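Participant: Could you have a look at this structure, given as structure tokens, before my questions?
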């Protein structure tokens, strides 16, 4: 048996800078990962199959077009018994399905002893699959296929992720965008020696999908406000197309205390503290 961890993908920034003739949107995004996520296990078998377990399994029925199965078919036609242990909320802006697909590729490449595909080769599975396969902090551009490593390592920091239990499909959020030709991030990203410096930079940047997502799901604004109100929160923002928001913290103790406080006040929300992975 082989196993791979599917970390949550976090868009610290997400600038929508254009739209191609085929409809795909051009992005400029600073992407990191949180040390919380799903797990994909692969065991030898004659046929390809998938079982879904875990606390979020009920929200993701097994279907033939599941990204884990699609990723497996991309890698080859061999058999395997796949198990997806689902912890991340579905359709929540933190790349759960894309991270699962990337983890399936990693687990199956080990099981079948075949090379991993290049990140750009898996773009057809979804715009976030290449960056999830990369698995480290990068600047993501194009439609998700241009991945540029950061010049300097990110400072150590913590995230609190919060989702109000609302599923936000991505297409309506993009459709509701007021503009699709927004300015990108600076050409040269500065180094960030501290989490405070990173937060100060992020405050000058944006998630262009946040306003249309809030218009579709006002709970997102309340989630962001709940994070921002916590002691030690340096910045609160929506990730991806929502509805998950993140709070950036310098210290583990403050992040865990914030997650506990939000969870107590909003018992129906999904809340998780996690180390930021660069």
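Think of each number as a place in line: the chain as shown, counted from 1.
Even glycines carry a Cβ here, placed using N, Cα and C.
Model, not experiment: these values are computed from the prediction.
Quick paste from Swiss-Prot:
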- 9: active site (ACT_SITE)
- 128: active site (ACT_SITE)
- 89, 90, 91, 92, 93, 94, 95, 96, 97, 98, 99: ATP binding site (BINDING)
Participant: How long is the line from the C-alpha of residue 9 (active site) to the C-alpha of residue 91 (ATP binding site), rounded to the nearest angstrom?
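Facilitator: Their Cα atoms are separated by 12 Å.
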Participant: Which residues does residue 99 (ATP binding site) neighbour through Cβ under 8 Å, counting only same-chain ones at least six apart?
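Facilitator: When sequence neighbours closer than 6 are ignored, residue 99 (ATP binding site) has 6, 7, 8, 9, 37, 38, 88, 128, 132 within Cβ distance under 8 Å.
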Participant: Give me the count of other Cβ atoms within 10 A of the Cβ belonging to residue 9 (active site).
Facilitator: 28
Participant: Once 89, 90, 91, 92, 93, 94, 95, 96, 97, 98, 99 are set aside, which residues in the chain still have Cβ within 8 Å of the Cβ centroid of the ATP site?
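Facilitator: Near the ATP site, beyond 89, 90, 91, 92, 93, 94, 95, 96, 97, 98, 99, sit 8, 9, 88, 240, 244.
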Participant: Restricting to the chain of residue 93 (ATP binding site) and a gap of 6 or more, list residues whose Cβ falls under 8 Å of its Cβ, or answer none.
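Facilitator: Same-chain residues close to residue 93 (ATP binding site) (Cβ under 8 Å, separated by 6 or more) are 11, 168, 213, 238, 239, 240, 241, 242, 243, 244.
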Participant: So what sits near residue 89 (ATP binding site) in its own chain, CB-to-CB under 8 Å and at least six residues off in sequence?
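Facilitator: When sequence neighbours closer than 6 are ignored, residue 89 (ATP binding site) has 56, 59, 96, 163, 165, 167, 244, 270 within Cβ distance under 8 Å.
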Participant: Measure the Cβ-based neighbour count of residue 91 (ATP binding site), defined as the other Cβ atoms within 10 Å of its Cβ.
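Facilitator: Total other Cβ atoms inside 10 Å, all chains included: 20.
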Participant: Which of these binding-site residues has the least crowded Cβ, counting other Cβ atoms within 10 Å: 95, 97?
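Facilitator: Each of the binding-site residues 95, 97 was scored by Cβ atoms within 10 Å; lowest is 97.
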